[in-house]
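Notes follow once the structure below has been shown.
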Amino acid sequence: MGRLTQMLAVLLLVAALSSANAESKINSPPRIIKQPPTDELLFKVAVQNKESDKPFIIECEAEGKPDPSYRWIKNGKKFDWQAYDNRMLQQPGRGTLVITSPKDEDMGQYQCFAENEFGTATSNSVFVRKAELNAFKDEVAKTIETNEGEPFSLSCEAPDGWPKPIVNWLIQHSLEGTIKSINNSRMTLDPEGTLWFSNVTREDASDDFFYACSATSVFRNEYKIGNKVLLDVKQTGISAALNKQQPKRQYVTRKNEVALRGKRVELYCIFGGTPLPQTVWSKNGAPIEWSDRITQGHYGKSLVIRQASFDDEGTYTCDVSNGVGNAQSYSIKLQILATPYFTKEPEVQNAAEDEEVTFECAAAGNPEPTIQWVHNGKPIAQSPPNTRRIVENNRIIIRDLVKADTGNYGCNATNSLGYVYKDVYLNVLALPPEIQEAPRKEATVDGKNVTLRCRVFGAPKPQVKWIHNHQELTGGRYNTLPSGDLEIQEVAFSDEGDYTCFATNKFGKISANGTLLVMKRTTIIHEPQNYEVAAGKSATFRCNEEHDEKLDLEIEWWKDGQAIDFEAEARFVKTNDNSLTIPKTVELDSGEYTCVARTSLDEASAKANLIVQDVPNAPRLVGIVCMANRIRVTWEPQGDNRSPILYYTIEFNTSFTPDSWDVSYDKVPSTETAFVVDLTPWSNYTFRVKAFNKIGPSPPSEHSEICTTPPDVPYKNPDNVQGMGTEPNNLVISWTPMPEIDHNAPDFHYRVSWKRDIPAASWESKDIYDWRQNNLVIPDQPTYVPYLIKVVAINKHGEANVAPTEIIGYSGEDRPLEAPTNFSMVQVTAATTAMLRWNHVSPESVRGRFKGYKIQTWTEKEGEEALREIHVDAISDQALVTQFKPDSKNFARVLAYNGRFNGPPSIVIDFDTPEGVPSPVQSLDAYPLGSSAFWLVWKKPLQPNGKLTGYKIYYEEVKGSYVSQRLELNPQINNPDTTSAKLAGLSANTKYRISITATTKMGEGSEHFIEKRTLPKDSLKPAIPTFTLEPLPSENGNARYRINWLPNTEGHAGTHFYTQYRIKGEPNFAKVAEEFSKDYQEILGLNPDNVYEFRVVSVDGDNETPSELREIVIDGPTKVPNQNVANAGWFIGMMLALAFIIILFIIICIIRRNRGGKYDVHDRELANGRRDYPDEGGFHEYSQPLDNKSAGRQSVSSANKPGVESDTDSMAEYGDGDTAQFTEDGSFIGQYVPGKLQPPVSPQPINNTPASHQSPTAPPAPTQSAGASSNTAAVATYV
C-alpha cells in the first residue's frame, strides 16, 4: 500500500509541473497578485537625533506573459520615483516601492499600474500618511479635592497625533517614579480619556503617588505622560457603611451610535454611586446571550461586540441600580454601516475567438455602493468603443470575440466609507487541446464518489468525453465536469479498470489514459454503545471494523471532536482490540466519543455518548427557623452531576452526641427545598442536608446554627421490654436504654415494676438511675412461671406522658426431665427417608418453654460426632425424616428440648437403608476430536448413594432453542471406574447437548449436561497423543493387550486413531485398522519371549501424528488379576481341600452327638439353679432367654423370631459363631457372653410392638461394630 501511495504522489507532482509549464508558454495580460491596502499606509519620520528612520514599502506585483512593466501615480499625477535620489527605489522584477528614509513630502495617494502589450492592470489606491504623536503641555502636578463616597472624575487633555493616541490613566509613585496600571471596579476609563470614580474612598487619596494620564502611539511604539494629579479625599465623618449615594450618570455612549461592519464596537454606560452600582444589559427588551463575540467590559459598565454584523443593530438598554434610590436606565440605538464588499467577484476569462464571455460584479455595503468598470487602467467610458461589448451596471458582455479584445477589466465598488476593487483580464486564444493534468492511477473504495482528473486547455474550449470498457460514459452515475474531470458517484466494483480521456476542438484532438482501482470500503460492524456509568467505575467502548486487507488501517478515538492523545492522557487506555477503556471515570469524562477507522482511501466513524454520573454536589443550607418543638430547614441544590436528585435527607446532631449525625427525616421529595421537622425537648440541635441520586449521597451541606428546645416530661418509655430468666431461679427484666435526646429534662431514671401473673399478686418496683443500664436481675424466683412487667421513664418533670406497656415474662428454665418413649422406625420409604414415631413427654417435665423435639441421626461410618438434627414441633409424635444416608446403617434417637436445654435422649435405634440413585457427576468436559467426535471427561458423583454400576451418556442436536431426537451412546459404560469416553459419529460444525448420568442398581441418578459445538470440516495436524497398555487374558498361548488412546486435550486431538506395533529391532510396523468409534483397540497374537514396541497414531484427514514408542516384554502367557478363578488351578486345589475338611468335620459332629447323653448336663444345670424341669424323664429341650434384659441397641433390621432347634452344639446360632465359650464337657449353660450378637440383615417387615424397638438400658456408642446389635433375644437349645 505504501508503494501505491508513493506512485500516486509522484504522478500528482508531474501533472502539476506539466500544467504550470503549459500555462507559462501562453501569452496573457498582467494580473495583480500583490497590492497595497484600500484604506491607508503609515510611515514614521525621525524627529530626534536619537531616532532612526523606519523604512516602509508600497507593494505592487503582477504576473503576465510577457513580464509586465510598472508605473505609479501620486495624487492623480505620474510619479517619478527615480527623482528621489537613493531614498526611494523599486524592487527588481516587481513594482513594489521601497522608501528607505521617509520624509513629510512622501504623504499622498498612490496607485500602481502593471502593463504589457496585452493590457494594463490596476492596483488599489492607497493613502500614505505620516504617523505622529505630540507631547502633553508642560505643567506641574495639580491637587484636586473631593468628598469621600461621592462620584468623581479626572479629565485628560491628551495631545494630538495620528492615528489617534490610546489614552490611559496610570499611578506614578512620586519617589521611585515607577508606574502601574489601574484595575479597579470603581474606576472606569471612557473613550475620551476621562477616568470616572463610581465612588471615592479613603484609599483613593494620593499621599505618595500621582494620578497621571498617558497617550500611546502603537505604530510609533511611543507613549507620553502628563496631567499629573494629587487627589485629596475629604472624609465626611460618616462610616463607610452608612455613606450611601444613589446611582448617578457619569458617561454614556450617545443615543444614536454608528459602527462599521467587521469592526469592534463598545457601548458605555458608566454610573457612579455608593454602594457600587450593578449594570444589567438588554437588547430590544430581551436579555443578551453572552458569547465570545459579545462580552461585557469594565466590570459590566460597557458592552463589547467583536466583528460587528448587521444582526447586531438594535436598541441596547442598560439598567443600573445599587439598592439606594431609584434604578436608572439608558438606551442606545446602534446602527451598523459597512464599507463596500464583494458579493460576487469578477473572474479571469480565457476564451477563444468567436466565443462570448461575461464579467459579473456585485457588491454590498451601507450606504449602498455604486459600481464603476475600468478597462486597461481607465474608466471604461474612456476606452475605445466596441460594438460587440455591452456594459451594464453589474456585468460586461463581449460577443464574437476577436484577438484584439484581450485586455484588463476592473470592478470598483464605492460608497462614502470606502471602496473595494478587483482587476481581472480577458485573454482571447486560439490553441489546440492540451491535457494539462492527465488521468492517473486512482484508488478508491466502493460506495464512495471519485473524480478522475483530466484538466484540458485549449481555445476554443475542448470537448471532453470518457471511455471505459469501450463505452462512452454519459449520464447516470457518470458526470463530465466543465474542467474535463470525470465524476463517478457511488463507485461499484464493476467501475474498476482503465479509463481514457478524449479532448477535441477545431484545432485538434488529444487523449490520455488512467486507471481506477476499487477496494472494499471500511465499515464499522460493531459500533460503540451509549454508556451510563457511575463515577469511579470503568467504561469501555468497543469498535469492530472491516476493511480491505490491502490497505493499512488506523483506529483513532476522539472525544468531543478532539483526538485523544493516549500518551498525554494516561487515563485513557487503547487495548489490543482497539477498544477504548477509561478505568476510573470522572464526571469530566462525560461527552461524545467517536471511533474513527481510517485507511489511506476512506474512513468510517461511529459515535457514542458517555454519561458519567456522580453523587450530587453538597446542597447549600440557606437557613433555619427555630420554634418551640419544631424547626424549618431551607436549602438550595447545587447540581446533580448528570443523575437527577431523588430525595433529600435532613440530619441532626445534638450536644449529647456531637460527633455523630442522625437522620431527622429521610427521603424529603426532590421537589422540596424547605421542610419542617419535629424536635425533642431539652436539646441543642444543629442540622445539615444531604442530596441523594441513584449513585449515592452527596457530601453534607454546611451545618446550621444551634437551635435549643425547652425541657418537658419524657415522650416515651423504654422499648423492647422483656422478662426472661437466665437461671432456673431468677427473673431478668431487660429493656433498650433511652438515649439522652429522649430524656427531655434532668434527673432521668427508670422505674421497673413486676408481679406474678396470678390473682391478688401485688406489684413490686425498683428505680434505676443509671440511664445506660439495660436490665434488672430478680433472684430467688420459682422456675418458669409467668410475670407481668412494665418499665416507666421518669425525669424531673414527671413520668412519661404515655402509659407503659405491660408484657408477660417468665423466670428461668431448667433441664427437661423425661426422654420420649417407644421410639421406633415405622417404615423406610426411600433410600434417604423413613417414618419415625415416639410417645410424648409430659408438659410438666419440660420445665420451660416447650419448643419441640430433636431427632438426631448419624451413620456407622460417620460416627456420632457428625450427627444431624431434625427439629419437630411440640405437638407431633411422628416425623418423616429425609436426611438419612442411602445404603448405610443409620442410627437415630429423639429428645425433647426447651428454650435453654436439651432433655435426655430416647433409646438409639438403627436400621439399614437401601441404595439410592447417585448425585450428578461433579463435572463434564467435551474436547473436540476433529469435526465429528468429542472426547468426554468427567468426575465421579460426589454422593454415589450406593455402589456405582456405570454411566449412561446421551446426546442430542441443538437447533436454536430446540433439541432433536435424544440418542444414547452404545455400548453403555458398565465400569464405574471409567471417567472418559469417545462420542463419535457426529455432524461437523453442529451444537450438541451432551448429558451423563451415573447409575446404581436402583437406576439412573440426576443428569448433568453441557452444550458444545463440533469443529468445522478443516483438516489440521493433530497434537501428540498418549496411551496406556492394559494386559488381557492370554489366548492360545499368545499374549493380548488393550491399547487405550488418550487424545491430547491441550491442542487439536484428531478425529480417530490406530495402533502400530513391531518386535523391537524390526524396521516395519504392523498396523491395526483405524478405529473411528471407540477409544481403545485390542492387539492379539503377541508371541512370548519377545520385546514389542507400541505407539498410537492420531488422525485427522490426511494429517497423522504418532505418539512416543513404548516397550513391553512378553515373557509368557499373560495372567491378569480379573481372569475367571473357576479355571485357575490354585482355586480347584483349594476347593478340594475345603471339601475334605467339611466331610471330616461332619463325621466328628455325628460322633459327638451320639455321645451327648453321657454328660452330666442335668446335674450341672441343677447346680446353676435350674428347678423347672418337667417330671418326664430323658433330655428336655430348653428354650428360654438367658437374660431378660437387652444388652445393647435394638435392631429393626428383622422381626423377632424364636430360636431354631440346632443340630449341633455350635454357638453360631446364638452369637458370632465363636465357640471359645465352651467348657471342657461341652456344656455352655451359664457361659453365654452377652453382646456378641448377629449383625443386622437388610430391612424386613417389622413387629411394631414396643418390645421390639426399645431397651430401658442406655445404648452403646454408635461407633461400635455392627455386631453389637441384636436381632432377637438369646435362645439356648438342648438335645
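Sequential numbering from 1, following the chain as shown.
Every residue gets a Cβ built from N, Cα and C, even glycine.
The signal peptide annotation in TrEMBL covers 1-22.
The domain 'Ig-like' annotation in TrEMBL covers 30-134 (among others).
Taken from TrEMBL, the feature domain 'Ig-like' covers 138-226 (among others).
Counting residue by residue with DSSP, the domain 'Ig-like' (247-335) contains 3 helix, 53 strand, 33 coil. Summarising the annotation, TrEMBL assigns domain 'Ig-like' to 247-335 (among others).
Secondary structure of the domain 'Ig-like' (340-427), assigned with DSSP and counted as helix (H, G, I), strand (E, B) and coil, comes to 6 helix, 52 strand, 30 coil. Look at TrEMBL and you will find 340-427 (among others) tagged as domain 'Ig-like'.
Here the domain 'Ig-like' (433-517) has, by DSSP, the following mix of helix, strand and coil residues: 3 helix, 51 strand, 31 coil. Feature annotation from TrEMBL assigns domain 'Ig-like' to 433-517 (among others).
Across the range of the domain 'Ig-like' (522-611), the DSSP-based residue counts are 3 helix, 44 strand, 43 coil. Annotation comment: TrEMBL describes 522-611 (among others) as domain 'Ig-like'.
Residues or ranges marked as domain 'Fibronectin type-III' in TrEMBL: 615-712 (among others).
Across the domain 'Fibronectin type-III' (717-814), the prediction's mean pLDDT works out to 95. Per TrEMBL, domain 'Fibronectin type-III' is recorded for 717-814 (among others).
Sequence annotations record features per position, and here TrEMBL assigns domain 'Fibronectin type-III' to 819-916 (among others). Across the range of the domain 'Fibronectin type-III' (819-916), the DSSP-based residue counts are 6 helix, 45 strand, 47 coil.
Among the features that TrEMBL reports, domain 'Fibronectin type-III' is placed at 917-1018 (among others).
Here TrEMBL flags 1168-1179 as compositional bias 'Basic and acidic residues'.
The region 'Disordered' feature in TrEMBL is assigned to 1168-1220 (among others).
The compositional bias 'Polar residues' feature in TrEMBL is assigned to 1185-1200.
Look at TrEMBL and you will find 1233-1279 (among others) tagged as region 'Disordered'.
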